[in-house]
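Worksheet: the structure to be examined is printed underneath.
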Amino acid sequence: MSNTVSLQFPDGSVREYDASMTGAALAESISKSLAKKAVAYAVDGTVRDLSDPLGASGKVEIITREDPRALELIRHDTAHVLAEAVQELFPGTQVTIGPVIENGFYYDFARNEPFTLDDLPVIEKKMREIIQRNKPFTKEVWSREKAKQVFSDKGESYKVELVDAIPAGQDLKIYYQGDWFDLCRGPHMASTGQIGNSFKLMKVAGAYWRGDANNPMLTRIYGTAFANDNDLQAYLHMLEEAEKRDHRRLGREMDLFHFQEEGPGVVFWHAKGWKMFQNLVSYMRRRLDSHGYQEVNTPQVLDKSLWETSGHWGWYRDNMFKVTVAGDDTDDDRVFALKPMNCPGHVQIFKHGLKSYRDLPIKLAEFGNVHRYEPSGALHGLMRVRGFTQDDAHIFCTEEQMAAECLQINDLILSVYKDFGFEEITIKLSTRPEKRVGSDELWDRAESVMMTVLEQIRQQSNNIKTGILPGEGAFYGPKFEYTLKDAIGREWQCGTTQVDFNLPERFGAFYIGADSEKKQPVMIHRAICGSMERFLGILIENFAGHMPLWFAPVQVVVATITSDADEYAKEAAAKLKAAGLQVVTDLRNEKINYKVREHSLQKVPVILVCGKREAEEKTVNMRRLGSRDQESMTLDEAIARLCEEATPPDLLRLKNAG
């Protein structure tokens, strides 16, 4: 066996090295300055400790703090330092798990007295002390017996349970930072000093061990960490901005919706919120109609036999709401379920009546109410609910039509997002997972088509980012995922396009081909908004409640300065309504500044102020939300201007094209 390995560097050069050489020694052999900046290295994309030997040939990269991959290491190491700090400050506290998550990390602790926000500054101070010590991260591999014995002797019962859960034959890695150690898969940076000081503990929360309500309640401390202070401060500023834009707060202030205990995870829509919801549905309905979709509606309650056939009963039963009818006055003892998805119902509509290849593609769309169980702790306003409306569509087509249909879907999705002001879009292709249905040949064909489509999208749209998510596809086929970036830089995964060869086969769906033989259609699942409720939540936060005029539930308030203008205000409001605008009249005996402030808090886009002079001259004083400017104009001019601005973008395009 050779003791040398062949390494290819990012510049394409290839060199031979001793297989026992460590990543740290490799970095130093390139340059001393690189060795000082190195925090880890990677071979064929797998990140390793600098202390690990090279071991095998491959493509090698030295990772520094500036590398995006270093951020996960920084956060991972900070979580370990958090755990050490807690155990130094609060002896007897048990540590459990501390993973890296999106935008940060957390660590769960078992302690008789839960931590509070007041504890965080003290813990942070201790963490900075530990980082200052600059202790090296060192790795040992222990036997299962040793690990269980050591953790048991320390009173770390949760760690013992974690050791028991590690599959036989898998290494049990222990990472030290000075004298403190933890069970961990790694990798880590070279020392605690490489973490830096750009971190912050954010909040505390309760969390059940392993997410099971039957297990003990732990205290979870959340934190975040970045490579530098600028990135940390930018993130904290974004969080402040996000708090101001929180759709739950704005929903209360704007009187859009509410939730209550008797209906956890389902929305009580108020008049203005429901108007906004209907605006979204009306817009989407027009877009679908112009793209050849047929709108349908399928039952919300269906016998479990249908869900067994579809596979949802086996794959998704724990997340479904079951319905049984019991009592002396009924002989119906069947089990039903509220639909969690619309797709099986659409297959039933496709199957109703004989279909020819000449009929394809058939595009069925539904604004379908679906219900999915979510743990109460996961519910979050409109963003995470149990009952919601899915803007589902399913295209039944031939395999030859699949690429063209995916491209048409993409054009529609991007156009919708652009109409709502989202310009930065990322599209990622999720490929076959380990557990899947269908032959490899079928997956090869489907993935090949979607890769071709993705490349065409990339060539046509310069501002669209694309990528691949290996192994992240649905069990029945590959899919595209569409992610939006909002006004404050957050990303939201919304639209999907999924190819499905499985469901038509399960239900025996077919069409008659050109050769007069039965053939199975390809089924393309497509969602643009996804959950309409969630999409509205995203819009509210993106616009900070200041919705575009065409989408606002109340577009104009006509407010009087004195009662002398009441009749004129009523006349003006009537004309505005006749022109198709959503108008409210405010004739209250209040000061005009009070009225303007109140309606501004309600995020009404336009306020038309009418006083005695305006009544005499048939004018209005226009004030825009967020602006101190005032503009005087005739009522007719105001109506013309507002009607143009209040025209939805799809209708405006038709008007301009005509």
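Cβ atoms here come from the backbone N, Cα and C positions, even for glycine.
As written in Swiss-Prot, here are the features:
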BINDING   Cys343, His394, His525  Zn(2+) binding site
DOMAIN    1-64  domain 'TGS'
REGION    246-548  region 'Catalytic'
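Long-range C-beta contacts of Cys343 (Zn(2+) binding site), restricted to its own chain and to partners at least six residues apart, with a cutoff below 8 Å, comprise Ser310, Asp392, His394, Asp500, Leu503, Met523, His525. Take the mean position of the Cβ atoms of Cys343, His394, His525, the recorded Zn(2+) site; other residues of that chain with a Cβ within 8 Å of it are Met341, Asn342, His346, Val347, Asp392, Ala393, Gln498, Asp500, Leu503, Met523, Ile524, Arg526. Shown are the binding-site residues His394, His525; of these, the residue with the fewest other Cβ atoms within 10 Å is His525.
Each residue in the domain 'TGS' (1-64) gets a DSSP state, and the totals come to 14 helix, 28 strand, 22 coil.
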